[in-house]
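Read the structure below first, then the notes.
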Amino acid sequence: MHGLLLAGLLALPMNVLAYPAEQHASNVLSRRGVDIESFRLPLKAKYMDSEATAQKIQAMSFSKDDDYVSTATKLVKSTFPKSTFRVVDDHYIGTNGIGHVHFKQTAHGLDIDNSDFNVNIGRDGKVFSFGNSFFTGEIPKENPMVKRAFSDPVKALKGAVKALNLPVKSDNAKPKTIAGKESFEFMGTTGALSAPKANLVYLQKEDGTLALTWKVETDVGDNWLLTYVDAHNSETVHNVVDYVASAEYKVFAWGLNDPTEGNPTSIRDPWTDASPYTWNSDGMSKYPTTRGNNAIAQDNPTGGSTYINNYRPQSPNLIFSYPWSPTATPPSSYKDFSITQLFYTTNRYHDLLYSFGFNEAAGNFQVNNGNKGGKGNDFAIVNAQDGSGTNNANFATPPDGSPGRMRMYNWTTARPNRDGCLEAGIVIHEYTHGLSNRLCGGPANSACLNALESGGMGEGWGDFYATAIRLKPRDTKNTNYSMGAWAANNPKGIRAYLYSTNLQTNPYMYTSVNSLREVHQIGTVWASMLYDLMWALIEAHGGTYSANPVFRNGVPQDGRHLSMKLVMDGMALQPCNPNFVQARDAILDADRALTNSANKCTIWKAFAKRGLGYGAKYDARNRTGSNKLPPGC
């Protein structure tokens, strides 16, 4: 049975694998003692959105028989009738049905390298939107190819090496002609990962004129650079582009649950190997905004169902740094920060779950699965400050191949109102609905947690992962945690009890479910058991509070991450719409598969503490509890 599950936070009234730590960014990017940022040219692009385009295009005539490339070409010609340009050979129709065509402006047969025009064609064959950075000044009258009054490309290479202090030896460099007008590859160099290249191009300068330059390409590992060296003076560098772009996000870092636990910091390149295209690319396109292979984040103040044209912060240099203050009001005044935080938390959780096995074949949320199994084209659509509700959040999980959708609401429980995106636990809780629904019953079936008890466990898994991730080095098994306390402006949170290993603080037992009739109440019982399980495994294996787990032979080497791994593996093992007993058994089976039951008795003791021990029985109206352990424990 196929289905879609919408889950909310509240009821409606010996190989060792280690992942790198996140890098906290400095204020100025400086590599090899050179500030590359100082060479960047200002932005020149203009963009006409779909609404404005619809009005403008009414006055233009296009043939219905044109293909999308021809239609786009006619638009460029009509917009710049006196300009010369070429079609870039990378046009395609995206998964949303929009055709994308790119053009490069030329002068005297040479590219103006930073003069581009992009046209987006809708499903109806009409221009959807477009943007351009075409040069509108005076083109030099003299063709440089006639007198060839420009410097040797070797001098340009040496100029780039000197200006940027590159580790490239170019004394013996010799140019070899390659495909393309005035294009060369340099032989006899050392220090670069591949042979440096150069080709002659024009470049728009900041003062509105064109400069004839050598575009020198050097791949030195940490940087893959395009250096625009003046073709008449090799000591002058006009612009530098680095293919190895570091993305930076100013956010509450991973592990900080909400603003009471710390301050926003700038974090650079936080992705792991789980995101080989980084967070701002899907392997096919790079996005200078909060969009990538794993997620697309935007605001949604109207609460509508569309998202692709909603607002997102834009940053061509991938520096997503925006102000936030606890006294700022309304939340829309800091929407850039909110969207960035939501994008960060969602991607960070994607990468962690990937390390535990929620990958392409398991039905995770990605556009491009890279031929690794599963169905792609299903990133998570995550809406910040969604206007369709307040004081809650939800996640819709269709089967694998269709995007999940998270809606994060503002909370009116405090003055000023609070944004749920800033409480990581709520985001993690919601995304976990996607995890559990894709794993339980298989990625193609999203209807395997729709019974009262199984749906309750769906809520409990969300609380468990949210709590496990926020643990701090100072915490012990006596540490208690709430759920949703900051957003709800209530230190007790939004659950009946705190998550605690103390039965006086949290008295929930397995038989408590007999009197509960709401999924979040039942979920609190399940999450309480998993919280006990986590601390039992931490006592057995030690705890680590690093952002990423360390594995040996596929087994997390600390109790906290081991508990997350076993619980997740259990989701994939259990039947469709399981009960507590079956889910407990699935976790035991997960440990058997992963560690050959090395933690069997530890797991049994944790569940037995709250009455889900050996001999506990399920009955919808009269569950039987047990504190017993099986033989051998």
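Glycine residues also receive a Cβ, built from the backbone N, Cα and C atoms like all the rest.
Here is what Swiss-Prot says about this protein:
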SIGNAL    1-18  signal peptide
CARBOHYD  Asn410  N-linked glycosylation site
BINDING   His429, His433  Zn(2+) binding site
ACT_SITE  Glu430  active site
CARBOHYD  Asn480  N-linked glycosylation site
CARBOHYD  Asn622  N-linked glycosylation site
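Of the candidate recorded positions, Asn410, His429, Glu430, His433, Asn622, the one lying closest to Asn480 (N-linked glycosylation site) when CA atoms are compared is His429.
Taking a C-beta cut-off of under 8 Å and a sequence gap of six or more, Asn622 (N-linked glycosylation site) has these contacts in its own chain: Asn514. In sequence order, Leu9, Ala393, Glu459, Gly462, Asp463, Tyr465, Ala466, Met483 constitute the residues six or more apart from His429 (Zn(2+) binding site) in its chain with CB-CB distances below 8 Å. Each residue contributes its Cα atom, and for the residue listed as 'active site' and Asn410 (N-linked glycosylation site) these two points are 15 Å apart. Distance noted between the C-alpha atoms of His433 (Zn(2+) binding site) and Asn410 (N-linked glycosylation site) is 20 Å. Least crowded of the glycosylation sites (Asn410, Asn480), judged by neighbouring Cβ atoms within 10 Å of its own Cβ: Asn480.
Following the DSSP three-state reduction, the secondary structure of His433 (Zn(2+) binding site) is helix.
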